[in-house]
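Below: one structure, written as structure tokens.
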């Protein structure tokens, strides 16, 4: 009996030793695989200063070399009826390559990565003056895993949009056309603009409706009526839906074709903007908003 107990104890001891050794071997193997690898926090994109008249931004670490494997996106937004002018400092160097396939700056005429491409830039010479055709400009800086350079520093300013000027360069003032709605549900309608005489006959419509849901609720929007006088011409007329604020980052949907879909927001604040130029005054919409938890 004593011999059987001794054998049992030895078995347990042997199993324990094998388990401990196995853990040790596994730990050594894992440590060996991690030799030479350091987890360094990713360098943030460079300094970006914004003012009411424009601003400036730079590549990471500028005027020192930018880091490898970096991607920075800058979305420039001017006020309504303004455009953007973008210039670069002479101290500029982005790894040269054929068609700027490696490190490069990509500039697009609009707020999105699929907006019309203005150009790609790289090399030793800074880009020329770049102008937008609207109030947004989308810029992406990309670097690959090798051959870093000095980078860039860019300045931008806001200028009047010539499409909204009279002879003599006097800017047509934007009418004060804003509305607020709140509660469990309600109707947002473009006819409110004319009923409250927010714009004069023949004048362009640029109006905003701000919707505030009940506490701790979100917003669901359903179009009851929708018609764009010049469909698929977004520069002439559109209805835009924002989720949380009217910043471009919160743009949820933009409708300018013949169909407008329902929209579900993630926050309790919705912003609806309608734009219709002087020749699109017959454009209209009516939508139901509902608060839900």
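The backbone N, Cα and C atoms fix where each Cβ goes, and this holds for glycine too.
According to TrEMBL, the signal peptide annotation covers 1-22. Sequence annotations record features per position, and here TrEMBL assigns domain 'CUB' to 45-159, 177-292. TrEMBL lists 45-72 with the feature disulfide bond.
A simple way to gauge crowding: the CB of residue 45 (disulfide bond) has 18 other CB atoms within 10 angstroms, across all the protein chains here. Around the Cβ of residue 72 (disulfide bond), the same chain contributes 45, 46, 59, 60, 140, 141, each under 8 angstroms and 6 or more positions distant in sequence.
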